[in-house]
């Protein structure tokens, strides 16, 4: 019944030109003509198989509400992996060939089974409707076409994933360094078996570092990406089939084309089925189409479009009620759900913005490291250094430039943020998705279940010639309309009695709006509405016993029942009816006003039509209600009612009122949309629902602002034709899937660029992908929200897919990068804020990490060029990168936002880089050089205290490193043996290490903010920073005093006074950075701001 009311309302809505507010592309081509040459589905599939270099990218044009679309489209749109030609001409030829192959694969699949008679179906599929297939024939078809199952995609072996972590990022450089160390030791060992093991230690440490960070990264980022698995879970396990004239229960995957199957309420549809008979059958296509309204099914051909006709049911959808018998016409990958599954798995995992930024950063740092290393390798060779020594210098320079612990730190920071947002009901499957959400500039949101509550709710009532507003909040408890009228008493009774829905037993203690109901969406809404206002509806029905009923059907478009009344003094039967408003009104001759019947004259009929059009224009589903007390003399208590012959009156009834329902928006969504708008994020609605409904919901949640108008709105207000309106005057657009199909990519780009507020209605999965790709062509970072199977391809294609955790299908959850555990769109706003914060904090982490690179690099450059004793060893550097700096780097992930980041525009993924020029210059050439000077100050102090003045150290390297010189004099005439010099050198290592560590404490504190003063931000708001500082000091103390005796580590016990030599430099760094921030705040937009703000 409700489905019929919806269809009646939809029909009237489509006739109203102004209702949809649709956007029309300039110079849109005329509707498509006759179909191209149809090819069988099997042939199309085989054409794909003949091109093994093509990954399948099957797209499905679903549920277009226009007569011109008669078929399902199959497209191929993935890369061809062939060897590239060596010259540009070959590349161009290859690209041309790719495009030609794509065009060849754009074939339409002719589906005409819904038009065929039963006899023609039997002939086409070689079966018998009564006896079914023979077991022998079924076995042949199963062997020929394969099982009724979705083909899982090829999986990357876990070992390959692990090995990629072992050689990705900086790892390959460190592996090369480790191997060179071992080779250098091997060459040296051949000529000198007593050679030092330092190079072995260094190579081993580098290898261990790579392995540990690789294992950590593999563990942190491992996730399931098998989209097909979720689809397979949706497959029914068993199916009732007729074979050899016998009814059998077989595994659903053994079904073949031509099988005769039976389905009943509660079953999942086991394949694409052409119905042969149906009794009260309704199906739920919401997981496929996004529409929550049950769809009635029958055996009759009702629409040219096979996706619109009522005599086809689709694989994996659910039969809600009734029974049906049908013939299998498609199985497995050839079903509609199979094509969507292929589409979802065919869409490649796009690199996230933060992954691109990290890759960009790795390329920069690796390029600098290798370039500088090779340059100084050449310099060392030219300066007569031994080649093996020059190789070690090369390795040392690379190690000094590469922040070995940074990628692990980034992963930990992302993990911590993911845990933080999980507490706010956002489950992150892909760690990088946290930052991606923060950089989002467009959110393409599904309507049903995402912006709305995914449940039909009574929104308005019309009785006594007035429209009343009902409470559509989650609890429905604040019904403020007038309930004292006698008309309401009659209307409420009809609503309660003319309803087949029932609460599931045992739900009495559950809040009414959360109870499970057996019945379709509209009936459920009416039942809960009645229960809230009237109390126990089941008890009311018991007191008003039902004697006969006519369920809704598409022919009558009404539901009728006759009841005994609870009044013992009134022996009359009560006839109650509801259905499509215009059909109900036709059956009435009177109307109830203020509890009394009066003639239904032209003025009241006009009032009815005005109210009906107003409610329909809001995108709401409207039902009409009427009743009639049967005369006791004509219909005594013993009267035998017959629903078949309808031996009771169905005309001259009394019209009581209208009631409209809508899937209402979530209460928190309008505020979330407002926050998105203030954050510079465009929210686009993409739904499969009717444009009038979509527009109404968009206006109610703020996607279309109150003062924004579509072209149609302007035309209506100015009373002119739509073609006369300047499209630039409209701020909003409502575009149907049919209009979108006729748009070129350029027209779609124009639409997305020119309209800040857009709603796409009646879209297919293919079109959702087209919309996402169009947004990405605008250089936007696109987030897509959704909960249905139909959303999964777009969820996977988007920069970040956000699925609903409660109502979301398994397919949507597996395709998504993030899951909203509370299904609350407003949780996305929390995710955006956390994403922006983590990007800011990653900037601070990288700036903090890069700063010390100059201080680590300079010792080797000075050593090579000026011949000083080596200020710091390579292994010692690793203890800075992986020892003292790891926890402080992670601590920056806990830093609070320093300003209102939600009033900032989204970052441009190509311009606003994680590592920009300002960050590199300030970290390397400002703070980095200060750190290097401070560390050298500690180094020279240690040597001076031991008798070597700074000037005497220059060009001392050759004598210093000689193993045979045991009487080297210092500036005070003291003689130093080779071992004593080695121990002093290790003390210098330790001093240089401590000098960097002390200044890194200051560097850590200044990185708390990029613009605000430290004092405004608060020194102690982030307590984890102080844990990081404590860890730096503890690790340094442990290395110096606890592990100083271990020769391989090259540390010694450092005197206490040396720990404080670099403190003045640390203070200078703090003061310098505070001055930088002060000038940025004082002179926004100035040269200083542009060059010193990173």
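Even glycines carry a Cβ here, placed using N, Cα and C.
Note that the structure is a prediction, hence the values are computed from the model and not measured.
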Ask   = Quick one: which of 319-336, 337-354, 391-408 does Swiss-Prot have down as transmembrane segment?
value = 391-408
Message = According to Swiss-Prot, region 'Disordered' applies to one of these ranges: 286-305, 366-385, 426-445, 446-465. Which one is it?
response = 286-305
Task = Compare the topological domain names that Swiss-Prot gives for residue 198 and for residue 389, and report whether both residues sit on the same side of the membrane.
result = yes
Key: Swiss-Prot annotation (transmembrane segment) - matching range among 776-798, 799-821, 914-936   = 914-936
Ask   = Over the topological domain 'Lumenal' (863-872), what does the predicted model average in pLDDT?
value = 91
Note = Long-range Cβ contacts under 8 Å made by the topological domain 'Lumenal' (179-201), restricted to residues 6 or more beyond its ends, are 388, 391-392, 394-395, 875, 1048
Key: Reduced DSSP assignment, residue 1013 (phosphoserine)   = coil
Request  = Sort out the sequence-distant neighbours of residue 1013 (phosphoserine) for me: same chain, 6+ apart, CB within less than 8 Å of its CB, listed by position.
outcome  = 1074, 1077, 1078
Ask   = By a Cβ-Cβ criterion of under 8 Å, what residues six or more beyond either terminus of the topological domain 'Lumenal' (1042-1056) are in contact with it?
value = 197-198, 201, 873, 875-876, 879, 983, 986-987, 989-991, 993-994
